[in-house]
Amino acid sequence: MDINALLTSAGINIALCVVLFSFYSVLRKQPSNVNVYFGRRLASQHSRRVDVCLERFVPSPSWILKSWETTEEEILAIGGLDAVVFVRMLVFSIRVFSIAAVICLALVLPINYHGRDRTHKYIPFESLEVFTIENVKEGSTWLWAHCLALYVITFSACTLLYIEYKSITNLRLLHIVGSPPNPSHFTILVRSVPWSSEESYCETVKKFFSHYHASAYLSHQMIYKSGKVQKLKDDAEHVCKVLKNASLEKTCKPSFRHCCSGASTNSFKKISNEMDSVNGGTDNTDMNLETTKKECAAAFVFFKSRYAALMAAKVLQTPNPMLWVTDVAPEPHDIYWSNICVPYRQLWIRKIATLVASIAFMLVFLIPVTFVQGLTQLDKLQKMFPFLRGIFKEKIVNQVVTGYLPSVILVLFFCAVPPMMMLFSSVEGSISRSERKKSACCKVLYFTIWNVFFVNVFTGSVITQLSVFTSVTDLPAQLAKAVPSQATFFTTYVLSSGWASLACEVIQIFPLLCNIFQRFILRLKEDALDSSLSFPYHTEVPRVLLFGFLGFTCSILAPLMLPFLLFYFFLAYLVYRNQIINVYITKYDSGGQFWPIAHNTTVFSLIFSQLIALGVFGLKRSSVASGFTIPLLIGTLLFHQYCRQRFLPIFKSNSAQACFRL
């Protein structure tokens, strides 16, 4: 791929961004789109009135100024601590890659360009490989510059990571101490309550906590099975009992036919009332048995103080850890009711099943990734399919196919990944929506890093995709050879998946189409239109961290990526702040639980970039650069271990000192 192909991809994405941002600045001014672009304001103000401006058909940058001027305190009040953490991820990326861009473009890029004695072409026709570390000859003494740049980037990243981790930890402590009183603060969730034939779950829970937590126990609330299927099942059982005890056969038969005819779900309840009137009501014993059947082996237990609830949630209740399992209760809006009644003994089976399903989904996804990589290497593709040679002779076709089409196809295939991972996280058994979204975030992150980076690096083309895995011992050397050659693809991926995704995010294509369909085709009133969207952390956090991973890995290998990556983070900073302010509604807050994911991923990116650099320095026969990289690797690992000991426990549990302040 040459510079022209890269500029073609950049031009297409810039034009797409300009068009979509212009459309957005006009569409957001239309009164009919208020519930799409101002959903959060509607939810907070309970009003759908919008000032109709005479200039509402003219594009304007007012939304950019508004998102830029909004302070962090306002973001915290609007979107909660999770929104602040997400914005901090973008700020950290802007800072660290600004430093990386300055050092790499000023020092590394000229050395890469003049790394070999060769006749250079006119820059627009130069191959992108000329600007990578591949162009540096073996044994070059200039590789110390790459090692120096790696040191500067690592020290800058670790310093900024420490500052951000400390600041976000303080914000989390303030969030715990300063949050208004909430019933969930004094509540724990108890699961796997042992079954007793002599007493109900309710009596078992009351007896247990009255005995072992007598001084702090206040009350409890049992959890009952819910859902449409369970309701139909309970109504059907009740009807069968009534029909069995009915004395009038003629009255029963028509009613039974009406039940099975597929009418409304309330049919069972209506017939039950009729049968009750005929039979003089149901027996109290039957009602008690029915209530006992509906009870789950789970309950919410209330305590007199927040400290007592915290201690009860963390202590092991019995010698058998599979019984009386306690956790801190989620916020009321955060509870994921579908998994509350899942038997605790099933959770480990569910986790294994979702792990196997995720791995299988990753393997299936190799097919589109391999196809995409075939488009990036047209010479091998033409050998396999000779009839394509005539088509690829056209210069513009060649540039579009190699510079734009592969990454676009990959982005389209990735649209199916977040919903699938959210489904896996639901099946896994998370008891809160924030925990489910956090689990889905990790799955999407692993999936994208594996498929976007490792699979693209290893496959290379359809012909060589299987030969890479024949020798596991040569894996580091293969990575050192393959990553610089695939850096050009990652640059185009940043353009297509990064810039274009931000344009699609701000214009909200799917909600906009749904709004048009509901308003102008279904003719729904404004009060019937749903505008309750929550921030998709499980898709946006992995995207930001993936680009950070690509930036760290390719910073000294292909520094030409850094300006495009830096522009993405600047644009993302404005777009996501605008979405948090206007669009997304915050129903629950995990208290900044996404930052440890960002920290761990960033440290992994640094360590992986150092390992790749170590391998490249070895292939280039630079013993000095290789020797100085090893202490940097050890220092990064020690820094990560210190942060795990110093900050991570605060994100795992609340401190007793913080609870006593309330």
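Note: Cβ is positioned from N, Cα and C throughout, glycine not excepted.
Keep in mind that what you see is a predicted model, and the values were worked out from it rather than measured.
Annotated domain 'CSC1/OSCA1-like N-terminal transmembrane' per TrEMBL: 5-164, in sequence order.
The feature domain 'CSC1/OSCA1-like cytosolic' is assigned by TrEMBL to 185-339.
The average pLDDT the prediction assigns to the domain 'CSC1/OSCA1-like 7TM region' (350-617) is 79. According to TrEMBL, the feature domain 'CSC1/OSCA1-like 7TM region' maps to 350-617.
What TrEMBL lists as transmembrane segment is 6-27 (among others).
Residues or ranges marked as transmembrane segment in TrEMBL: 90-111 (among others).
Residues annotated as transmembrane segment in TrEMBL: 142-163 (among others).
Here TrEMBL flags 352-376 (among others) as transmembrane segment.
Feature annotation from TrEMBL assigns transmembrane segment to 396-424 (among others).
Sequence annotations record features per position, and here TrEMBL assigns transmembrane segment to 444-466 (among others).
For 544-576 (among others), the entry in TrEMBL reads transmembrane segment.
The transmembrane segment feature in TrEMBL is assigned to 597-618 (among others).
Per TrEMBL, transmembrane segment is recorded for 624-643 (among others).
Between the transmembrane segment (624-643) and the stretches 6-27, 90-111, 142-163, 544-576, it is 142-163 that has the most C-beta pairs under 8 angstroms. Ranking 90-111, 142-163, 597-618 by CB pairs under 8 A with the transmembrane segment (544-576) puts 90-111 at the top. Sequence-distant contacts of the transmembrane segment (90-111) (same chain, six or more residues past either end, CB-CB distance under 8 Å): 131, 136, 142, 145-146, 148-149, 152-153, 156-157, 160-161, 164, 544, 547-548, 551-552, 555-556, 559-560, 562-563, 565-566, 569-570, 572-573, 576, 598, 602.
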